[in-house]
Amino acid sequence: MEETYNPKTVEETAQRIWEESGVFRAREDSGREKFYCLSMFPYPSGRLHMGHVRNYTIGDVIARYQRMRGKNVLQPMGWDAFGLPAENAAMQNGVTPAAWTDANADYMRKQLKSLGLAVDWDREIATCKPEYYRWEQWLFTRLFEKGLIYKKTAPVNWDPVDQTVLANEQVIDGRGWRSGALVEKRDIPMYFMRITAYAEELLAELDDLPGWPEQVKTMQRNWIGKSHGCEVHFPYEDGSDVLKVYTTRPDTLMGATYVAVAAEHPLALEAARDNPELAAFIEECRHGGTAEADLATMEKKGMATGRFVVHPLNGEKLPVWIANYVLWGYGEGAVMAVPAHDERDFEFANKYGLPIKTVIVSTVGAYETVDTKGGWIDAYAEHGRCTNSGKYDGLAFQQAFDAIAADLEAKGLGQKRTQFRLRDWGISRQRYWGCPIPIIHCLSCGDVPVPAEQLPVVLPEDVTIDVGSPLKKMPEWYSTTCPKCGGAAERETDTMDTFVESSWYYARYTCPDNTEAMLDRRADYWLPVDQYVGGIEHAILHLLYARFFHKLMRDAGLVHCDEPFTNLLTQGMVVAPTFYREEGGKKHYFGPTEVELSTDERGRPLGATLKSDGAPVTVGHIEKMSKSKNNGVDPEALIDRYGADTVRLFTMFAAPPDQSLEWSDSGVEGAFRFLKRLWTRAAFSVNTAFSQYGRDELRVTDWALVPLAPNHKEARRMIHATLKQANFDFVRHQFNTVVSAAMKILNTLADDKGFWNCDHLPEGDEKDAFRRSAAVVAFEGYSLLTRLLYPIAPHICDALWRQLMPGTDILDAGWPEVDEAALAQDEIELVVQVNGKLRGKITVPADASRETVEQIALADAQVLRFVEGKPPKRVIVVPGKLVNVVA
């Protein structure tokens, strides 16, 4: 066996063997327990970053571990290939989005393979391929016919730079998530998926996901936002209609002093017809986003409409205002304003001099009435007892809720109602690089779904990309005939939100070669996904949409389980220091390879200089690796220098998977040193100790029959004790402590002074017996160690196994099992205390009786010293732990 570790040779050899044998190709086998392990598929941006490496290594470690546990494992890979970056790249580089995407996927596939992932590449999919999105279009037409997809004109978030609609979740602080442009509100006809029809189920079945992080489930619960409240009707002053509002605080109804409506509300539009100033304000409001998150930060603005409504219980006239903090499309697009007990209303009322009436005295707030001239305090919004509310005075929250709801219902002016914050999913995008919406517009027949036999509606690839969608400028593509009447018609030129593709890809992996159906019975074998791995940033967008889409497929008879992902692991970020200089009021960031960093003895940064000029640079915060902060590390360069196993080992050892991983060059060096040492020590054993015996002699089947030297027996006990803890840690995905266990085992096997040293023995049978004892324990130790470490560093472990067990495959060996008999100890060490203070330790037989333990303790020199000849009052023995002598 080669004595020097050469990662390039080792990894190329292992990957070639895996590729040629097809060992990771998954096949359905009803006689075996399946395990479907999936990491969120990447967008083919061109190059892997360390976030990718960590994500896919975590998934691969789990997949390989489950494979060694004997399960039938599926771990596929593909490309989330539609999206705006491809269009932007096409404009910048003069290539088509399809060519750019394919080239990037080809390059990233090579990078992923260099990591040694146990992926079934035969199942690779790309969402931009017609054979994939054909079935998305097919399901769209079925859902459209059922009314679960519908078209309506609605106010949307319009990104003026990308010229497309954004979902509420894609608006961050009032700006588009990709372009960063301030969003506008526009009324656009678009298609919606009726996710609200599944709101109750999506909420309730979160309780059926114990394998999900509680944080993710809480985020989804809050986003779905189920609330119990009242619908309240405020009659128009002239009695012509009623203004409907929804409130979760009917107990504050008597404190309503005005009503606020959204700029798009019919009452607002009617009032603006003969009021140019009001019309201008409505237009201004259209430049705000439609996401609730914006409301907390935007300046509250409003304008009186000159219209009034009547309070349903006390008959007071309340003015109607247009307010920019009221969203059209959420609830009724109108709110009853109770400034004394709602922070937004309080701010608005103070700004515009509107009345503020206290109607609740909080049980936790020390106030009798709201201080209208002071600032807002949170206690104003707390539940309490009604005051200044007529017959409702003194009622607690629920009592007032029920009484007011009953009175409203009796008057025909309201009722109790349950409402969800969740809104239907607008999926139309005015972009080119996406799945075409399979609808044909006919002047006679209306919107007609494309018949199944005409699917897929293929996206043309020879296009010129500029602002907006080129499809609208291609009559040769959109001009067609109506499937119903045969008359002239036009195709829909909008494409689907790319989150639609990522909402069902996990299911298509089970049968990617099926050209006759979206899914087949193979999906029943593999689904649900047993372990899903991805970032918590997808908690609402992707994970909620995927759960919804899964239920759509279930109700269409395509899948037969309720949830797509049984267990979810949300990995932490990869973070690293930042380095910059202030130039012209802006920070110019430098990459880690551009600076010389000085550190203290613990590796903490002390300062940094720029290599090019030797002048200092500022060491900034430790932040997520990103292009904008220029603090990323190139995985490809690391793999070229150290090998994939070193990169994998470091990313698993540096932090638990669900926590942030702080990058450390010295940590990578340390991981490389460990693998070199593992190889060197294993080679030493194979070339020397093991070479003296046949493999059958080294493989022990009954350890009770093998005489072991005392130190080897103790070493074996430690190895199995460490393995037992590592097994527990693997199940909990604490891979960092698994690596620690591997290091501990190697330290035992590499102990030349203790484990291998037999210089004190004379030549002859005794020394030969010692050497054989060392060899069989070391052979078992390396056998256990290579299998324990295999999921994390598979290439080196595969190579070492072939040296340990020529002609066999480490995957066939299975996961190492703990020998409980090896854990038994002849003697144990106990702590000895005198009057509760530590005074020493004693060694006793493992099976010693309580009386024997007491005798040994009382005879101990340290105990005799501290009891000073006094007879003990009592002796407390805690089995296996300590003895406390009370003198």
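Positions of Cβ are set from backbone N, Cα and C atoms, glycine also.
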9-13, 159-163, 624-628 - the range that Swiss-Prot marks as motif ''KMSKS' region': 624-628
Range among 42-52, 174-184, 306-316 that Swiss-Prot annotates as motif ''HIGH' region': 42-52
Long-range Cβ neighbours of the motif ''KMSKS' region' (624-628) (under 8 Å; 6 or more residues past either end): 49-51, 573-576, 589, 663
Packing count at Lys627 (ATP binding site) (other Cβ atoms within 10 Å of its Cβ): 9
Integer average pLDDT (0 to 100) for the motif ''KMSKS' region' (624-628): 86
